[in-house]
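J.: Quick one: the structure is below, and I'll ask about it shortly.
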Amino acid sequence: MIDRYKHQQLRIGLVSPQQISAWATKKIPNGEIVGEVTKPYTFHYKTNKPEKDGLFCERIFGPIKSGICACGNYRVIGDEKEDPKFCEQCGVEFVDSRIRRYQMGYIKLTCPVTHVWYLKRLPSYIANLLDKPLKELEGLVYCDFSFARPITKKPTFLRLRGSFEYEIQSWKYSIPLFFTTQGFDIFRNREISTGAGAIREQLADLDLRIIIENSLVEWKQLGEEGPTGNEWEDRKIVRRKDFLVRRMELAKHFIRTNIEPEWMVLCLLPVLPPELRPIIQVEGGKLMSSDINELYRRVIYRNNTLTDLLTTSRSTPGELVMCQEKLVQEAVDTLLDNGIRGQPMRDGHNKVYKSFSDVIEGKEGRFRETLLGKRVDYSGRSVIVVGPSLSLHRCGLPREIAIELFQTFVIRGLIRQHLASNIGVAKSQIREKKPIVWEILQEVMQGHPVLLNRAPTLHRLGIQSFQPILVEGRTICLHPLVCKGFNADFDGDQMAVHVPLSLEAQAEARLLMFSHMNLLSPAIGDPISVPTQDMLIGLYVLTSGTRRGICANRYNPCNRKNYKNERIYETNYKYMKEPFFCNSYDAIGAYRQKRINLDSPLWLRWQLDQRVIASREVPIEVHYESFGNYHEIYAHYLIVRSVKKETFCIYIRTTAGHISFYREIEEAIQGFSQACSYDT
């Protein structure tokens, strides 16, 4: 059983048959060793008790009820005076029934079987290590052809031919008949090898260090040859080099983790604890069983049949034995991963069996549904909304969430400031929501970052740290620029908030995970904090302005006349004189006082270089004043000159929205320049 205080991680890998036996076997007090499941039965149909040596055997997996054996005797658990510690009649130990959640069993396979994950999953680890085509290995595993066993240094009958099925098709039917003839069993066992046993022998003969050396030499030779000029040959060389790299990495991994390649072929099949594959009785007396039980029963049936063929009858045809070995291999494949070889196996109701892979993988699998993604302490969850007034590194937490997340810190603050005598009084003050509680909460939040996470976390920017502030409502406020890293938008997305507790976690959150420190994509280096969606629409509205030209006031409906030279008035048109401003602060102030609109044209005095003005550009109008000064009016700017043609000032034609956008960019550039100067 995994101790949660000693084990911080879980790794799935290959184990040796000895390790499987150590997990599954146990020695009961009378000296008998139990653990092997030999019968495909579950419960007796009359007594409704587990069958002995079956898939739910109490001798192997422990009692169904704590302290009660299969006979019905009761003993107090943990009482040293109680003797004996097990029932001598049925062999069941008097232990806690929770042992059935982690006590394993095993099935001793009559013939070796390959683990389908390492044979059929891509890339195929077995094919990579043996450097053979997957199709050839599948034919060998499923007894479609045989392999000559190199048992001596001298050539033998079949060693001259090797894997003969692919070379001479006429041998396809004659050779099996030859070897299945009565009296040739010794010769057959000496000369040929087929099934997963042949794969196991080849894997056991591998030297991983020699594989690495030979692969490296071949990779260097292919790299020195250079391009051949033939596109097809060049592609084959590239694929071969990639294969050699994968093969070397795989061999290094086996050496580093002390895993033997032959462990990919199973001799002992582990049996899951009964509580992980239960049989439940529902209303009406009907039983509901896990599909794993039916798949285990199929394996045991076929394995026992193969055992009977090999032990009870010496004259069993070899073809029948090979066919039964193939059935055992297919049964184990279905148990581990149903449907990986094509059409999945179904029950009587045409429903696909859920194999071990289906139980553990996917969103509804054991890991993601039961072990991962669960609620933890000091965490919350809510819908995100936009917070346009927030800084990039801040987020808004609702009061209801914040007081729950930081409740222990607030209690400590109340006790330290002698505002509460104990924890109970502090909790009552928090429930009453006294003003001092919010003051202490704000002090706590100022020195404590929080982590925001949006599922699915596909890269490291899926979880970032922020400085929290209190907001009203029940939603989390987020700066819109950080949405791209989370792949989030404000259409109802939810995010989880976590509080880092340890000093190491807080230091990591402050130094590495703050949102304003993750402005570039870690994958390609492009900016990731860029305006999207609502911000782009807002910037468009801010800088769009009116489409009215500079001559709109002159050629407007107020100046329209009919054929009788009479003025035509329109009540919907409002004459707007374009105002002049000396600086941007006056223009923004006028907008805030609602004297001008956001998109209303205005003239702003500007320090513009004369060289940017095209000398060939002709003014649209020239207005003269009484003292001789005049205004040259162009499409987007206006120049005030003296009598001596000296330039007094220049006005540009813009809007309050453009001015506001320009000021934001200018402040950002100045802040960035100051930050760079501090770093240098």
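Glycine residues also receive a Cβ, built from the backbone N, Cα and C atoms like all the rest.
Features from Swiss-Prot:
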BINDING   C69, C71, C87, C90  Zn(2+) binding site
BINDING   D489, D491, D493  Mg(2+) binding site
J.: Can you name the residues of this chain that are 6 or more positions from D493 (Mg(2+) binding site) yet have a C-beta less than 8 Å from its C-beta?
T.: V383, I384, R454
J.: What are the other residues, in sequence order, whose C-beta lies within 8 angstroms of the center of the C-beta atoms of C69, C71, C87, C90 at the Zn(2+) site?
T.: A70, G72, N73, F86, E88, Q89, G91, V92
J.: Based on Cα distances to D491 (Mg(2+) binding site), point out the closest of the binding-site residues C69, C87, C90.
T.: C69
J.: Other than D489, D491, D493, which residues of the same chain sit close to Mg(2+)? List them in sequence order, counting a residue when its Cβ is within 8 Å of the Cβ centroid of the site.
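T.: The surrounding set, listed in chain order, is I384, A488, F490, G492.
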J.: Just to verify: the residue among C69, C71, C87, C90 with the fewest other Cβ atoms within 10 Å, which of the binding-site residues is it?
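T.: C71, out of the binding-site residues C69, C71, C87, C90, has the fewest neighbouring Cβ atoms within 10 Å.
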J.: For each of the binding-site residues (D489, D491), count the other CB atoms lying within 10 A of its CB, then report the residue with the highest count.
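T.: Comparing the binding-site residues D489, D491, the most crowded Cβ belongs to D489.
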J.: Can you tell me which of the binding-site residues C69, C71, C87, C90 is spatially closest to D489 (Mg(2+) binding site)? Compare CA atoms only.
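T.: In terms of Cα distance, D489 (Mg(2+) binding site) lies closest to C69.
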